[in-house]
Amino acid sequence: MEISLVPMENGSAMTLRGGGEAGASCVQSPRGECGCPPTAGLNNQSKETSPRRRATHEDAGQGGRPLPPMPQELPQPRRPSAEDEEGEGDPGLGTVEEDQAPQDSGSLHHQRVLINISGLRFETQLGTLAQFPNTLLGDPVKRLRYFDPLRNEYFFDRNRPSFDGILYYYQSGGRLRRPVNVSLDVFADEIRFYQLGDEAMERFREDEGFIKEEEKPLPRNEFQRQVWLIFEYPESSGSARAIAIVSVLVILISIITFCLETLPEFRDERELLRHPPVPPQPPAPAPGANGSGSGVLSSGPTVAPLLPRTLADPFFIVETTCVIWFTFELLVRFFACPSKAEFSRNIMNIIDIVAIFPYFITLGTELAEQQPGGGGQNGQQAMSLAILRVIRLVRVFRIFKLSRHSKGLQILGKTLQASMRELGLLIFFLFIGVILFSSAVYFAEADNQGSHFSSIPDAFWWAVVTMTTVGYGDMRPITVGGKIVGSLCAIAGVLTIALPVPVIVSNFNYFYHRETDHEEQAALKEEQGIQRRESGLDTGGQRKVSCSKASFCKTGGPLESTDSIRRGSCPLEKCHLKAKSNVDLRRSLYALCLDTSRETDL
């Protein structure tokens, strides 16, 4: 047997040769790593000395040549180059030679890995984690920062009960289930920490009953985007809040004016302005007087011009001012909207159009009356007044414009929209009850001469009022049978209305708490952003100094945990701890290559 020390091109290495077979060797790789079996993070079987190595030692002990002395110093590992880093796999799993890759790929797939979650250890296979390579546990580079070489495991200081659901996500191939003893916000934080992705988060929210938030598109043009934010989102800026305040004041003034103009004293003044009294006509001169023949000075009472009188009405002036603002706001929002089709289909925009439409019809009708012969026929005037009353009634819908600036009205609208099925059931149950009890009370009161129910349709009103527990008292049963029917009608109405009400209340609570949670999260994000900016200004200089002194600070610098970033602080000790972890990793690899049980021998 012959033993010799053979120098290598890329670094010194010791090779034992005996009996024509190559013995154990320790070769320094170009990257400064030892070419050894993949062991980091794996729960492998205990190592046994290879037969070749045992034979070599036995031959050396039986009188062969003594082993050459160990080198005094091991060559220092150099930093990996950019080309090596591109093809580098999981450093915690060692390296695999190209000719051994096909044979070892299957074994690596079934290798076991230990994961320590705040002291609770989980054991799984690499193939299970590799199903989702974009996640924290599935990506070898991402999970390396949490590897502990001394314990040969990955350590995460996270919530332990939540990891049952996280590990089940890998084992089940993508099914995410929240443990019953973990709250929603905690499990959502764990999903974000382990980087399971937006798709997993959306599925989790849908399974938990969350309604998907609709994305709000913005115009592409910068000017249109700014205008759209000012008029559509009052919370976006200070100018948007000012515009919202002006809009709310105009809406309130319009509604107050709509109500005050119906008071008797104001209505009488408006009638005087619209139709002032005609002064008495002088008597006609006698026939033949002043040498003139008989003539008629006037054919009837004259009507004063209406246009100046109408424009002098203060209610008309206030209404015109409000409509000018509403029209300006509608046109600006239509100009800046991201989609004209979506804008036209929006129910709130339809309400805005309906709110200003009656004014122009009323103004056109009054201007038409000023034309000669415009108001000659009384029948046409009566028809015009009836149409104007109906059109003016539409102005009351302006109150719904407040929902654009009120979160409470928006929550109420979303609640009614989500409870349409329950409201439909309520109306259907009331319809059945009205038919049954109106028919019953009619036949129960049919023989009584003083009955208030002349027909079944006439009893519909009584049934509706009784089932809704209002009871005006204008129609009431008199006989004993009619009173029994009325009692049953009232009881049935209470039960019918009470059944769908809890569902509607539950929907209201859901939307209310969701809105308050969004406001709290927005405030929290704003505070965190301020703290992050302040901490970045305070610790920027210190971080540069520490990185210049620590040799491995460049590696440990970008590996700050998301928790520390979320808190807005980055302890300086983390650079030193990660540098020490990398040194321990290389020391462990050298000790394993030399088959020595003590790392201090290095």
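Backbone N, Cα and C define each Cβ position, glycine as well.
Now, the feature entries from Swiss-Prot:
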- 66-78: compositional bias 'Pro residues' (COMPBIAS)
- 276-286: compositional bias 'Pro residues' (COMPBIAS)
- K212: SUMO cross-link (CROSSLNK)
- K525: SUMO cross-link (CROSSLNK)
- N290: N-linked glycosylation site (CARBOHYD)
- 457-468: intramembrane segment (INTRAMEM)
- 469-476: intramembrane segment (INTRAMEM)
- 407-420: region 'S4-S5 linker' (REGION)
- 1-238: topological domain 'Cytoplasmic' (TOPO_DOM)
- 337-347: topological domain 'Cytoplasmic' (TOPO_DOM)
- 406-420: topological domain 'Cytoplasmic' (TOPO_DOM)
- 513-602: topological domain 'Cytoplasmic' (TOPO_DOM)
- 239-260: transmembrane segment (TRANSMEM)
- 315-336: transmembrane segment (TRANSMEM)
- 348-368: transmembrane segment (TRANSMEM)
- 385-405: transmembrane segment (TRANSMEM)
- 421-442: transmembrane segment (TRANSMEM)
- 484-512: transmembrane segment (TRANSMEM)
Around the Cβ of K525 (SUMO cross-link), the count of other Cβ atoms that are within 10 Å: 10
Interface-richest range of 239-260, 385-405, 484-512 toward the transmembrane segment (421-442), CB pairs under 8 Å: 484-512
Beyond the flanks of the transmembrane segment (385-405) by at least 6 residues, Cβ under 8 Å: 234, 244, 247-248, 251, 254-255, 258, 326, 348, 351-352, 354-355, 357-359, 361-362, 365, 413
Within-chain partners of the topological domain 'Cytoplasmic' (337-347) [C-beta distance under 8 Å, separation at least 6 from its ends]: 217-220, 224, 228
DSSP three-state assignment for K525 (SUMO cross-link): helix
